[in-house]
Amino acid sequence: MLVRPSLELWRIIRIKAQFQVVIVAGTRHKYSVCERVPAMSASISGEDPHFEGLSNQVVTKDRFGRPVVEIDDMLFHYKGSKMAATGGRQWPKGRIPISFDGISEDRQAQIRRAADLWAPAGIKFPDKAANDYAYLQIIASKERNLTTVGFGMVGPHTCELVSWGDIPTLAHELGHAIGLEHEQSRSDRNNYIVVNIENLTKFGNDQFAKSSRIVHQTEYDVSSIMHYKQFVSDKRFVIDPEEPVFYLKEGVVVTGRAGMGSAPTKLDLEGVAKFYGGHLGS
């Protein structure tokens, strides 16, 4: 006996088909929502889907039991026997629905303030609706910040947060959700900064690993919200908190502060808007 699927089941089938991953060959493509687009820094990433050169990667499972690659405060979905990131793609129409899991009203307001900082790039963070089958789930953590990079699947995308009250850091984590990786991981970063390796622990040094996957949508931005700060107090990261973790190269001029500032920069917003392009909705 042939059983006709319910209307709701058909809707889920259509949603899954819409978000099917398509591997794109070559480097000069206009990406559609259903194509696999590499992850990005303040720009889109290169074609190589692997995490070469990153010694701090951990293959694990997210809180929903799905295989992921964890790098610092970022999660990438794990496909097959290789670390093929399906994250970093555009969310359809630049719309990232959010769901709060046991989050107080005050903390929800903090997330909305951080989300508003990305509005000039055309990105929206509405509350999750009943028919949103892909969404960002905001979870309070006691240990760390950890966010799925970009859009990668149907279902909840992780955003674990511990830095409540720190709006710039919350905006940084939402930047990962948009599809951004760390600015200092760009392959050209040594043209702009000198990493103070002597002041970094093994853990800290891993956080400055470069990724050849990242290509450049904008010029390097030392003040990017996605760039690590020049001074770090975390002793897991640095040996001497009074010493910088990087220096500016001679001739590099910074408007504002070196390292993550209080809000996305003009280049951050330009990079996101350019990456999303025609995918932004009204």
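Glycine residues also receive a Cβ, built from the backbone N, Cα and C atoms like all the rest.
Note that this is a predicted model, so its numbers are computed, not measured.
Copied over from TrEMBL:
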DOMAIN    84-279  domain 'Peptidase M12A'
BINDING   H172, H176, H182  Zn(2+) binding site
ACT_SITE  E173  active site
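In this structure, the C-alpha atom of E173 (active site) lies 10 angstrom from that of H182 (Zn(2+) binding site). On the 0 to 100 pLDDT scale, the domain 'Peptidase M12A' (84-279) averages 91 in the predicted structure. Other residues of the same chain near the Zn(2+) site, with their Cβ within 8 Å of the Cβ centroid of H172, H176, H182, are D73, M74, T147, E173, G175, L180, E181, I225, M226.
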